[in-house]
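Encoded as structure tokens, the structure appears first; notes follow it.
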Amino acid sequence: MPRYNHRTLAQMRPIRITRHYIRHAEGSVLIEYGETKVICTASVIEKVPPFLKGAGQGWLTAEYGMLPRSTGERMQREAAKGKQSGRTMEIQRLIGRALRSVLDLKKLGERTIQIDCDVIQADGGTRTASITGAFVALCDAVGYLRAEKIISENPIKDHVAAVSVGILKGQPLLDLDYAEDSSCDTDLNVVMTGNLGLVEVQGTAEKVVFSRQELDVMLDMAQQGLQELFDLQRKTLETAAS
């Protein structure tokens, strides 16, 4: 089945990561998955939540949001509504879990890294782009802490990234854009570490159930895409640091 954007079934959209995008943040990137664009920042806060006071470890938490005109029709700001949607809370918890999976909180010391992911243009895959970009922002925030001799050891244990896969008209597809995501039979978000450990697999049969064999095919396809993302993360971090 040809994809309307001329990609092959197992081909990612063009991915770009621009570091140091926000001047004031200890770590920041603009990440682009095709036409999806997300600003990710990592801010160092010299305190921990009350439940961790005196525990000798740090914390990482995340917030996620979409600009009103990041979509085809203007959305009302959640701040104007007075509460966050269930979707927003689900996504920001996912981002936090994903990044904590590769972070040694004891080496971070009693401080918090606050991740903020703001979608400025949405075309599918905003949560996966947020995780992949936020990891690079986290690396820069940790780099700041080490350069300032606030911490001595690197608390980051591995890379982490995320990608979507799905089944549309019986065909598995990698890295769904909005048109594909809104019409697919199955939608899967896969979060994985650089050593190929699974952090999270979110899968839903939208219209037609999927088989165990199809799940394995989608996971293999996701792993292929994630390898590309890990390579890009490494190159981005190395290039800007040299």
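Quick reminder: no glycine exception, Cβ is built from N, Cα and C everywhere.
Taking the Cβ of Arg127 (phosphate binding site) as centre and 10 Å as the limit, one finds 24 other Cβ atoms among all the protein chains shown. Following the DSSP three-state reduction, the secondary structure of Arg127 (phosphate binding site) is helix. The annotation phosphate binding site is assigned in Swiss-Prot to Arg87, Gly125, Thr126, Arg127 on the grounds of sequence analysis.
Sequence-distant neighbours of Thr126 (phosphate binding site) (same chain, 6+ apart, CB under 8 A from its CB) are Thr36, Val38, Met66, Ile91, Val119.
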